[in-house]
Each structure stands twice: as structure tokens, then as C-alpha cells.
Amino acid sequence: MSSKGSVVLAYSGGLDTSCILVWLKEQGYDVIAYLANIGQKEDFEEARKKALKLGAKKVFIEDVSKEFVEEFIWPAVQSSALYEDRYLLGTSLARPCIARRQVEIAQREGAKYVSHGATGKGNDQVRFELTCYSLAPQIKVIAPWRMPEFYNRFKGRNDLMEYAKQHGIPIPVTPKSPWSMDENLMHISYEAGILENPKNQAPPGLYTKTQDPAKAPNSPDVLEIEFKKGVPVKVTNIKDGTTRTTSLELFMYLNEVAGKHGVGRIDIVENRFIGMKSRGIYETPAGTILYHAHLDIEAFTMDREVRKIKQGLGLKFAELVYTGFWHSPECEFVRHCIQKSQERVEGKVQVSVFKGQVYILGRESPLSLYNEELVSMNVQGDYEPIDATGFININSLRLKEYHRLQSKVTAK
């Protein structure tokens, strides 16, 4: 059979993408396996050997950890991005980072196709493909889990396991695996299996990135986090003097400290982009600390009315990231506006990390809008209390008129 061409497969080494690699070869494609190192615990050399053994023409293992932090996580920190008030977007942020490098490899290798193992029911298929089409409009995407010849053949995990046995694909898991996991620097997500019943509590052994808060140390770690333009540039542990200043090391250290204290666990039901609700359990240790610390320094340094507008932009940014529109013109516009809002977000925040919680202890900034003398109950300063009378009268006018009308309506 003549080759249909080369396809760059986003390969994880797990059951799905290992089977997809072999299946793509069956369909006549030359497969280039691409594995992104985005901070997950993985034996990358073992994954390389496995992909080559399964017939990959080439294997690329790309370390994108630093760019993931600086180009994706930092904008999320600046925006205080939360999807549906709770989700810090760990998976959502990783997908455009992974897919961007996948497209670069495809262009470099002259491959017309890219492929992924995302299911036809989830968000990741959208995130991967919108990135690919944005960066390489001519690219063709092979999405096996949306192709009848694939999903009719493999109706579930058991069928994949049987296919793996037939083709000598070494798989470390069994059909009884109780949930699926996805890990990167930002977080670990757990879903599917026994977690699909939203009433089922997460088993104690599920969590791998954070300590059980009840078993966490009995004394807190106090951290000082320094921000410039809304981005963390330095973290210092007040207890032992440990300091980190480079983006990747800083973020990894916060993961370590927060994980030790059980910070960053959530169990939620969220609305997927395609319309269904899903249950997800997430551990986001460093991201949780930075979310709270950044909120604090931002409130300390940013004008009230600017912050109201910025909060709306942050909500829109979270929605765009979650739904896969990282490379859209509207997301570029929102990111630019948020970055503008962060120009004066500078200073240091002290936080206590303890038993699953992050407590703000204090903050300082050379650009603070906080005026201690003006706000003091003991010093009058430039503020005339009598001026508040007119302020209240003007603001009460609308309320008086509204309730005057309501009284007339009620009387009728």
C-alpha cells in the first residue's frame, strides 16, 4: 500500500493514542509521534521507545514547559481567569500550547495531517483543532474518535485493550482502571469511570499532586510573592529563605509548597462547550496560590473603575480559553487589554499556606493607590466629612423617586 502521507500524532503513550498510532498505520499513513513535555510525570525515553516499536517513523519529544508558564499561565494569572467561578483552566491552557508545537512540527516535516486522541464528546477536540486551523489553515485533522470506522470498531476501553493485545501494544493499565487522568504543570484532572456518577466521592488515593489537608504539616509556610506588571517575578519562603526567580522554577516551587499543604483541590460539575455537563476533579496547587495573591495586589494597585472593566474582560478571557479560542482575534484583543491593565500591578504579597488554605497576611507596593492618611479614622487629611452629606443626598435621589413611584403603584 502506498503511503497516504505523513501525520503528526499528539501522542501520550497511553492506551488511546498507542492504539491510534497503530490504527493510522493500518490506514496507510506514515506516523510521526509527538509528545509534549508540559510538566507531567512521564518516562519520556520509554515513551519514545514505545512509539518507535509501534511503528512511528519519527518521534519528537518537545519540552514546552517554560513557554507554557510564560505564554499561557502568566496571562491567565494576570486575568484572574476562572471558568464558571471555580475552574482555573489547567487543561484548557495546555491544549493550545501543545497544538501549536504540533503544527510547527507538521510544517517542518512537510506533513499534511495532524491527529489527536480526544474524544468526540469533550472540549479538547475543539481546543486542538481550532488551534491547528488558526495557525495552519491548510492542515487536515484526523480525529479518529469522530470517524465511524474507528468508533464503531472501538466502542469502549475493553475493545481498545483487546486491540492492544492483538497488536502487541504494551499497556500498563487494565480495563478496571477507575478513572482517567491528565497532568501538566498547572494541574491534574481526574474524570470518567467511577467519577461519572456525581454522587460518588473521590477515593482518598485519587489525589497525586496534593497532600490530604488533614495530614498536612501543622505549621504553615509563609511566602512572599513579588509581582511586576501582574506577573510573579520572585517568591521567597520566609521560614527557610528559599528564593526562586525564574518563571519555571518559581511555578514548580509553588506547586511543591502548595501541594505539601493540600492547597488547590476542587470537585465540580462544569458545562462543556458542546453542551453537556461533566464532573471533574482538579488539583491546581501553584495556580491557586497565585490566583489569591494576584487578586490582592491587583486590588491594592488598580483603579476601581478600571478593575470593574478588567473583571469583565477576565470572565470573557476564561470563556474563550475554555472553549478553545486562544488564537481568535477576540482573545488576542482581550489579552492585550488585560496586559494594559496590569502595567501598575506591582508589589509584594505575603501569604500563609496551611491545611488546604491560602491566607493573605499583608501587601506592599510602590504603586499602591492606598492612602493610609486619607483612610485613617484618626486623621482627617484632605477629606471633609461634611462633603459626604451631599454625596449621600445625590445618590439617594434615584432611590427616593423609585420608591415614590412604587408607593403609588401599590396604592392603586
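Placed from the backbone N, Cα and C atoms, the Cβ positions cover glycine too.
The feature ATP binding site is assigned by Swiss-Prot to 10-18, A36, 115-123. Of all Cβ atoms in the shown protein chains, 24 besides its own fall within 10 Å of the Cβ of A10 (ATP binding site). DSSP assigns A10 (ATP binding site) to a strand segment in the three-state reduction.
Taking all protein chains in view, 25 other C-beta atoms sit within 10 angstroms of the C-beta of S92 (L-citrulline binding site). Annotated L-citrulline binding site per Swiss-Prot: Y87, S92, N123, R127, S180, S189, E270, Y282, in sequence order, evidence recorded as similarity to another entry.
Residues or ranges marked as L-aspartate binding site in Swiss-Prot (evidence: similarity to another entry): T119, N123, D124. Sequence-distant contacts of T119 (L-aspartate binding site), defined by Cβ-Cβ distance under 8 angstroms and a gap of at least six in the same chain, are Q125, W145.
All chains included, 21 other C-beta atoms sit within 10 angstroms of the C-beta of Y87 (L-citrulline binding site). Taken from Swiss-Prot, the feature phosphotyrosine applies to Y87 (among others).
For K112 (among others), the entry in Swiss-Prot reads N6-acetyllysine. Every protein chain considered, the tally of other Cβ atoms within 10 Å of the Cβ of K112 (N6-acetyllysine) stands at 15. DSSP assigns K112 (N6-acetyllysine) to coil, not to a helix or a strand.
What Swiss-Prot lists as phosphotyrosine is Y113 (among others).
Here Swiss-Prot flags K165 (among others) as N6-acetyllysine, drawing on similarity to another entry. Of all Cβ atoms in the protein chains displayed, 10 besides its own lie within 10 Å of the Cβ of K165 (N6-acetyllysine).
Marked as N6-acetyllysine by Swiss-Prot on the basis of similarity to another entry: K176 (among others).
Per Swiss-Prot, the feature phosphoserine maps to S177 (among others).
Mapped onto three states, the DSSP output places S180 (L-citrulline binding site) in strand. Taking Cβ-Cβ distances under 8 Å and a sequence gap of 6 or more within the same chain, the neighbours of S180 (L-citrulline binding site) are Y190, E191, A192, G193. According to Swiss-Prot, the phosphoserine annotation covers S180 (among others).
Among the features that Swiss-Prot reports, phosphoserine is placed at S219 (among others). Shown in sequence order, F354 are the residues of the chain, 6+ apart in sequence, with a C-beta less than 8 angstroms from the C-beta of S219 (phosphoserine).
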Entry from the binding-site residues list G117, G120 having the most other CB atoms no farther than 10 A: G117
Env. residues of L-aspartate site, Cβ within 8 Å of mean position of T119, N123, D124 Cβ: A118, K121, G122, Q125, V126, R127, R272
Cβ neighbour count within 10 Å of N123 (ATP binding site): 20
Spatially closest candidate among S92, K112, R127, the listed recorded positions, to G120 (ATP binding site) (Cα to Cα): R127
Same chain, 6+ residues apart, C-beta under 8 Å of the C-beta of S189 (L-citrulline binding site), given in sequence order: G90, T91, M181, D182, E183, G280, I281, Y282
Nearest of the recorded positions (A10, Y87, K112, K165) to D124 (L-aspartate binding site), judged by Cα-Cα distance: A10
